[in-house]
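Everything on this sheet refers to the single structure shown next.
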Amino acid sequence: MRLRISEAVVLFLLGAVAALIGDHSHVVTGTTVYHTDAVPFVWSSPFWFPILVGAATASLAELRLHLPAPRDGVTARQALGGVAAVVGTYVTTALVHAFPVVPVTALVCAAAAITWCVLGDGPGAACGVVIAVIGPAVEIALVQLGVFAYHPDSDGLFGVAPFLAPLYFAFGVVAALLGELAVARRPQLGPPVCDTVSRGPGAG
């Protein structure tokens, strides 16, 4: 494991909080409806939802550190911008869920592309692709199990919203960047100090 436990916990909590904000936006606007009350809820979400997203955040960050050439020049400012971009896009999907599917999906694709162009790299895109496949697949399975449903105007991808793929892609790019930042901010050990004294010619 490349992440330290403390770093993984921070990333888990960050992902969980962002998930709660986005999911609350989906629930209050009717983008999604949960059909279960058998488990405790945290705000508007069943307790397992922020756990899944938090775990995905830490896992994607860890994955990035196993891919080639993690960047050591990423900054907290970039990370803040990335998190804001993903949460903002997530909330935007809640506000436009009833609009025609093509412009909504194109809008989210554009936001995801900009996020990658500004903040990502090749391995970060790979992380984005991984979660862009896994995330919607998990949601499709949960919809088929009757756990929740998307609004009829937003369920064109096997029962889930087509905008999920680019939204998850942006999430993967930013989670990868967060992993790079976690390593880049670790205290750097300086070069060893030589404690020998140079002696002039003929010195005893």
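Yeah, the Cβs are placed from backbone N, Cα and C, and that goes for glycine too.
Database features (Swiss-Prot):
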TRANSMEM  5-27  transmembrane segment
BINDING   HIS26, TYR150  1,2-diacyl-sn-glycerol binding site
TRANSMEM  47-64  transmembrane segment
TRANSMEM  76-97  transmembrane segment
TRANSMEM  101-118  transmembrane segment
TRANSMEM  124-145  transmembrane segment
TRANSMEM  162-179  transmembrane segment
I need the most crowded of these binding-site residues: HIS26, TYR150. Count other C-beta atoms within 10 angstroms of each C-beta and give me the top one.
HIS26
Per DSSP, three-state class assigned to HIS26 (1,2-diacyl-sn-glycerol binding site):
helix
Considering only Cβ pairs under 8 Å, which range in 5-27, 47-64, 124-145, 162-179 makes the most contacts with the transmembrane segment (101-118)?
162-179
Counting only residues 6+ away from its ends, which parts of the chain sit with a Cβ under 8 Å from the transmembrane segment (47-64)?
1-3, 7-9, 11-20, 23, 39-41, 70, 123-124, 127, 130-131, 135, 138, 171-172, 175-180, 182
